[in-house]
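According to TrEMBL, the feature active site, charge relay system maps to A:Ser149, A:Asp226, A:His260.
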Amino acid sequence: MALKQISSNKCFGGLQKVFEHDSVELNCKMKFAVYLPPKAETGKCPVLYWLSGLTCTEQNFISKSGYHQAASEHGLVVIAPDTSPRGCNIKGEDESWDFGTGAGFYVDATEDPWKTNYRMYSYITEELPQLINANFPVDPQRTSIFGHSMGGHGALICALKNPGKYKSVSAFAPICNPVLCPWGKKAFSGYLGTDQSKWKAYDATHLVKSYPGSQLDILIDQGKDDQFLLDGQLLPDNFIAACTEKKIPVVFRLQEGYDHSYYFIATFITDHIRHHAKYLNA
Amino acid sequence: MEEESGEELGLDRSTPKDFHFYHMDLYDSEDRLQLFPEENTRMRKEVVQAEMANESTGVGDGNAQRDLREEVEELVHLHGLEDDHELGDEFVDENMPRMGVSEYPPYGLKRRDPAREQRDWRLSGEAAEAEDLGFGGWGSAGQCQDLREVYRYTHGRASEEYECYVIPEEEDEEEAADVFCVTCKTPIRAFQKVFDEHKEHEVIPLNEALESAKDEIHKNMYKLEKQIIDMENFANHLEEVFITVEENFGKQEQNFESHYNEILETLAQKYEEKIQALGEKKKEKLEALYGQLVSCGENLDTCKELMETIEEMCHEEKVDFIKDAVAMADRLGRFLKTKTDVEISAQPDFEDQNLDFSDVEQLMDSINTIPAPSAPVINPQAPNSATGSSVRVCWSLYSDDTVESYQLSYRPVQDSSPGKDQAEFTVTIKETYCSVTDLVPNTQYEFWVTAHNRAGPSPSSERAVYVTAPSPPIIKTKEIRSCEEAVLICWESGNLNPVDSYTVELTQAESPEASGVTESVVGIPTCETLVQLQPGQSYIIYVRALNMGGPSVRSEPATVHTIGSYFRLNKDTCHPWLTISQDGLMIVRSERSTPTREPPPRDTHFTRCVAVMGNLIPVRGHHYWEVEVNEHFDYTVGVAFEDVPKKEDLGANCLSWCMRHTFASLRHKYEFLHNGTTPDIRITVPPKKIGILLDYENSKLSFFNVDLSQHLYTFSCQLHKFVHPCFSLEKPGCLKIHNGISMPKHVTFY
């Protein structure tokens, strides 16, 4: 579990670092980004995990979202992992942008040839937190998670599958109901096989229906001019309906004129950091 | 000799302090040596000068002194002065006679303080100077006292005062003693105990005797000092009495003199009058008598002439006689007919005339009686001297007047009906002040006063207008608004006439032990004020009204908690279909709206949307309140400027910011309206209680689901003026406002 620092840059009084390590779950070298706020110099800080969307690495979020100022002010350690195993030499992993490399979909694959490496769910919920807790000044009791698009899906399922593990969850334009959208169908059938009943275990809308009801405040921002929303890849309405029915608190904000890009994320990232800080610093 | 010593002393001023004492000793010795023959004196002087020279070189050095002593003894022997042990002893006992004279200066200085005591001094001016010098360089009072002790016992003097000044002239200090004979009360030399009459006597060490004598002297000194102070005070008092007596008698003399002069003048006047009257009477009588005399003479002449004529007729011829006799008889007849007055017209005796001395008698009497007093001078009203029902009226008299009582009259000042006289009241008082009670609050009264004594009443004083303090104001407890930092209180004057100002008093209710600590805000001209407070406290607030006469009593208290913001609904803005509860915190729109009995709406009332505003305190900062809603009601909550168009829906314009909930076909719709637009926001759990945070500093208005601590929406709004909470019910239902609550932590993130 040796960590190798790839880079370190001072940012808003804290440090934006990138590390590399050998992942047990994923059987490959993985990079992740860590932002250490100024407060981390003197004490343990809450930790917030960011899950990126399709095609992204750890770099997209840290270089484009402009989250640092808010994280610095609220004193949050922000972890941004990669989106999939890399360099595993699995046939077909680089054939398309929405499957394989850069498209781990935060599931534990059960199908060959993916099941050895594509265990992003376990990596995000088990291995990475252990690594972070062991190596950085964080308070494991205060953990939250958020993400964008596929990462939004990942954040939602991580939170919904682990009641109490995350203090709060939020998402930008998440894939809310993957079993019903083209991206999800493709990925889930590849990683999980054709038995659609297994898919539901990684579908936020389905997970809500069985969520035991522990307090979870969900904030979702969605650009109204998001092409993927119009393409039916995100399906937030289904998720909202399920949450309304199950009385899971969601504030869903359909933002006029915004698309799926990091410009959209950067616009509302402060709201999301504050949303998490409210629970993490309570 | 003294002059020489003076010169030496003059030189001493620059020498070390030890030298002073030593030198003064010399001076003393010389004094004592005055009785010695001239030659000896000279000898002594030489010795002295020799000592001086030596002392200058070895100041304070015991060895040097001892050397000196030997030298001196030699000299003494040389000049046959064996009997004079004094000088030698002085050197033997370093602690004693050396200090002998230097003891005095402290007392000398003290004694010299009162000027009159200076003449008691027996020391020459130079001696005094010497003492000053000694004092200047002398630090140890204890040693002084030791010495004093010795002197006292030596001479058996009771008064140290006497001792102090007399000792230098004493001649009998032949020998320096080293023990004290209790029986004889005298210090003796130790060897005397063995040989002399003290053989059987009890002796104690000299130091012990010193100690006890020192104490006694101290006591006596304190007594004397105290007595001096007492006497000085008494003298001052006597002086005052002296002046008073002088003044009083002077006044009395003046008074008597003026009366006396008055009487003399009156008498002189009476004398003049009388003399003049007597003279006139005399003249009148004399003139009358003279006139009578003249006419008497004339009559006589006529008679004589008639007689002559008749006699001549008798000598005439018969015819002529007859002729003339007839004429004569006629003439005579006429003459005799005129009656001759022989009564004395004026009586020579003096008529008894009564002199009227009554006015003089009155004057004489008035020397012993007092005049009626002059009109007293009534004072203007002293500030803060009145209460709501009483005023304290004061006046003064001329000091010469003797007054037995005063009559104070008053009546209310009435501008409206001058013709109709108000009832007058009069009280009789001995003092020059009077507290007049049972008056009407905040009312002007006219006062005037007359002084009375045996001689009668004085003229009336000027009339002075006094005013009673106002009635206490009445705090409008239902209109109190507060927030964490301030309270806005308003009140009714409680007075029909205007008052000058109001005072608000605040006490922190949390600390009853410090209830005396009251903060006051004074000089408030209106019936409303905003008072800055500390957050999270409870205050008890009172209001007083003030006028010239003073403050009213406190109003009934009002309690304010600076926890959260507290407001009530403003009935003046209420849409006619809404009902506001008694506590001003609940809004009800009933099912059966009855538009028929709508009162004509004023422009402060909402007329289109069924809304009402709250009265939020106009303080920038944070304000938080909560609204209890029913998820099936249609409601709008938010804020609006006071001048928001009342004929428009809330949120339909740029003067209001609102969250609107509509429930239709089993779907909840939440809008966050400003200027008619809303973002598209979906909320999965309908709030039952909405928290609203108004943040002037960051120009934000945020809405929360209180039960979930869920943030719903935040407006960024330009609040250039103060806004008020607003509430609307688009369908029948009710809203309940919770305020005066502290802000939950989760809202502080927004």
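Note: Cβ is positioned from N, Cα and C throughout, glycine not excepted.
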- Using DSSP with the three-state reduction, classify A:Ser149 (active site, charge relay system) as helix, strand or coil. coil
- Query: A:Asp226 (active site, charge relay system) to A:His260 (active site, charge relay system): how many Å between their Cα atoms?
  - Reply: 5
- Note on the structure: If you measure between the CA atoms of A:Ser149 (active site, charge relay system) and A:His260 (active site, charge relay system) and round to the nearest Å, you get 8
- Task: Let me know how many other Cβ atoms fall within 10 Å of the Cβ of A:Asp226 (active site, charge relay system).
- Result: 22
- Note on the structure: The number of other Cβ atoms within 10 Å of the Cβ of A:Ser149 (active site, charge relay system), counted over all protein chains shown, is 25
- Taking the Cβ of A:His260 (active site, charge relay system) as the centre, count every other Cβ atom within 10 Å, in any protein chain shown. 21
